[in-house]
Amino acid sequence: MVNFVSLCDIKYGFVPKNSTDLFVKRKIHKLPSRGDVITRLPVFGSNARENLNAKPRRNLRVRPIFCKSYGDAAKVYQEEEIPRAKLIWRAIKLPMYSVALVPLTVGASAAYLETGLFLARRYVTLLLSSILIITWLNLSNDVYDFDTGADKNKMESVVNLVGSRTGTLAAAITSLALGVSGLVWTSLNASNIRAILLLASAILCGYVYQCPPFRLSYQGLGEPLCFAAFGPFATTAFYLLLGSSSEMRHLPLSGRVLSSSVLVGFTTSLILFCSHFHQVDGDLAVGKYSPLVRLGTEKGAFVVRWTIRLLYSMLLVLGLTRILPLPCTLMCFLTLPVGNLVSSYVEKHHKDNGKIFMAKYYCVRLHALLGAALSLGLVIAR
């Protein structure tokens, strides 16, 4: 009795198309004599050729063929093959630090429009402090998402990369302390209490957004908090700090400043919204009810399209009413192709987690370019 077991592994492509693809070859333990003829027999064929010279009758027992699919394993394998350098780049989130640069630069440009002053040293101090605050937001977000399980399979999570929750949290708290120290020191030098209160409000928004016991991002309030923190609070505070001098301690809060801060908050919130497209299933599993979890990706793509339209409609209205200087409006409309790119990309790929991951980076590009255009327009209007 001869036993045959065939294991087919789809991963390596060894899959028999039909029964005649499987053959049995008789094992030979001695040199064949002149009369022996060895043939290959199909396992299942009813018309199997027989050894004409062999008198004994051989019985074949065929066992089932087990075929395994490695579709899921292939995905895991692909994830494991992502270079560590690329994972570190994702963890650093360097493009995301534009959310520190844009409010500061727009605020500085608005202050220059009002006063004709640019305080370079104060600008650099505020920039470094803002970067430290964003670092705290990123690190603490990874820590608390690790605690809830939201980042369990997120390979670019800082906690997963370094393997230490405690170390990551310590780095986050250190960044927060240094960043707040820089902001307070600058505010005290400028003798501007309003700026201190606005910056404190912005940081408070960041805390209740992700830190326990609040974690308001899990209730779908992340986007409004992001809008307030980086728009009216941070942008206006930077305007006040960078326009304060020995001659002018208190700047007026004009419509140009407030409208500019609204635009900054608008595009910052869009980044946060689009960053959740590829995380819908994971967020839902841990009870994180972001707007995209509630809406679904198809309705989310619809929201992105109309958000882009609303953004440029606001620009048009602000330009026609002369709330924003004409150079600002013209410069900002040059970014319209990037806005269309964000809208079309999300609409096309919102169901593809592999591609929609890039949507937030297109939003970062729009945010940075619109901020640069807005800043340049304010400077030109001077």
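In case you wondered, yes, glycine gets a Cβ from its N, Cα and C as well.
As written in Swiss-Prot, here are the features:
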type	residues	note
TRANSIT	1-66	transit peptide
TRANSMEM	99-119	transmembrane segment
TRANSMEM	123-143	transmembrane segment
TRANSMEM	168-188	transmembrane segment
TRANSMEM	196-216	transmembrane segment
TRANSMEM	224-244	transmembrane segment
TRANSMEM	257-277	transmembrane segment
TRANSMEM	323-343	transmembrane segment
TRANSMEM	361-381	transmembrane segment
Using a Cβ cut-off under 8 Å, which residues of the same chain at least 6 positions beyond either end of the transmembrane segment (168-188) come close to it? 122, 125-126, 128-133, 135-136, 139-140, 142-143, 158-159, 162, 195-196, 199, 203, 241
Given the transmembrane segment (123-143), which of the listed stretches 196-216, 224-244, 323-343, 361-381 has the most Cβ pairs that are under 8 Å apart from it? 196-216
What stretch in 196-216, 323-343, 361-381 has the biggest tally of Cβ pairs under 8 Å against the transmembrane segment (224-244)? 196-216
Could you tell me whether the transmembrane segment (361-381) and the transmembrane segment (323-343) have 3+ CB pairs under 8 A, leaving out pairs under 6 positions apart? yes
Restricting to the same chain and to residues at least six past its boundaries, which positions have a Cβ under 8 Å from a Cβ of the transmembrane segment (361-381)? 95-96, 98-99, 101-103, 105-106, 108-110, 112-113, 256, 260, 263-264, 267-268, 270-271, 274-275, 324-332, 334-335, 338-339, 341-342, 345
